[in-house]
Amino acid sequence: MKAYWYDNKPGDQREPHDSGRPVTVDYLASIGVQYYHFPSLESVNELAKERGYKNRDEIVVSPQAMGDVYEEKVKMFFNEHLHEDEEIRYIRDGEGYFDVRGQEDEWVRIKLAKDDLIILPAGIYHRFTTDDKNYVKAMRLFQEEPKWTPLNRGPDVDENSHRQSYLRTIQNKTVA
């Protein structure tokens, strides 16, 4: 895992967009993002049990796996959105980027690779893309029945109860 401030320069979303300013795991924790490196599935299973993740599936994001809809899907994943549930991803193979909004609404880019697991809290604005190799295989974990309902950013979603709860949670946390 490597986290840093996104450079906000125009260009392909799959490029690193590394500003050269690193972000610490402590900062990620201050915005509710949890990161783990689990070389074994056993560790993932233990975390799933502890956190009550009862369901899981796997997704391969690549032109070979998705065919003609790949570009459309990657663009959809990159639309800024939130979920009303935690988003848990365990990277089984390949690499990808999660971008999350920091405390001042700026983008933090998190590069994940094989054996990295990330938990995004409900209510955090984020987006996802593969890297320039166009391939990632990820396990998705869910507390209840698998669902993936993105709420794209907008004034109405800013007022969403899950968004407001998230903002209250991080309000008093500050880490450099």
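Just so you know, glycine gets a Cβ as well, placed from its N, Cα and C.
Taken from Swiss-Prot, the feature region 'Disordered' covers 1-21. Taking Cβ pairs closer than 8 Å, the region 'Disordered' (1-21) reaches residues 27-28, 35, 37, 74, 78, 97, 99, 102, 106-113, 116, 118, 129-132, 134 in its own chain, all 6 or more past its ends.
Annotation comment: Swiss-Prot describes 9-20 as compositional bias 'Basic and acidic residues'.
The 10 Å shell around the Cβ of HIS81 (Fe(2+) binding site) contains 19 further Cβ atoms across the protein chains shown. In the three-state DSSP scheme, HIS81 (Fe(2+) binding site) falls into the strand class. Taken from Swiss-Prot, the feature Fe(2+) binding site applies to HIS81, HIS83, GLU87, HIS126, supported by sequence analysis.
The Ni(2+) binding site annotation in Swiss-Prot covers HIS81, HIS83, GLU87, HIS126.
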Residue counts for the region 'Disordered' (1-21) under DSSP, helix then strand then coil, are 0 helix, 9 strand, 12 coil
